[in-house]
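Annotation comment: TrEMBL describes Gly10, Leu11, Asp12, Gly13, Ala14, Gly15, Lys16, Thr17, Gly56, Asn95, Lys96, Gln97, Asp98 as GTP binding site. Sequence annotations record features per position, and here TrEMBL assigns Mg(2+) binding site to Thr17, Thr34.
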Amino acid sequence: MKEAKILMVGLDGAGKTIILYRLKLEETITSISTIGFNAETINYKNISFTIWDVGGLIFVVDSNDRERIGETSEELQRMLEDDELKRVSLLIFANKQDISNVMNTTEITEKLDLHSLSNRNWYIQTACAISGDGLGEGLDWL
């Protein structure tokens, strides 16, 4: 079995912990704000992913939070400037797609200026942490 170490980040309330435990337990959990970090190992398609709450970066976006998308973009850009993360693949989960009238991937791509990341391998995946929709597809890409 292959191993991959993944860092998952995003603003508070974006859904990181719910995604982590949805992948790990295949069920929805009630989440409280995380203090420190969560790390879990998830076996998926013969790969053992250790996900920290670094070969890859998962950035979780709250697709329903238009008010903080500017802050989200600034945080992502700050992270991508870190020397340890310069060459890692970037998977963006556009979370909370179960809510009506949320930002779609085109809007999020534009707001996060993802097309400027020409020297980085990146992918944006719609997701719903509660149902698990899109999570497997994101890991398939990663």
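Cβ from N, Cα, C; glycine included.
Overlay of TrEMBL annotations on the structure.
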residue	record	DSSP class
Gly10	GTP binding site	strand
Lys16	GTP binding site	helix
Gly56	GTP binding site	strand
Lys96	GTP binding site	coil
Thr17 (Mg(2+) binding site) versus Gly10 (GTP binding site) - Cα distance in angstrom: 10
Spatial separation of Thr17 (Mg(2+) binding site) from Asp98 (GTP binding site) - C-alpha basis, Å: 17
CB contacts for Gly56 (GTP binding site) [other CB atoms within 10 A, all chains]: 20
Cβ neighbours of Ala14 (GTP binding site) where a neighbour is any other Cβ within 10 Å: 24
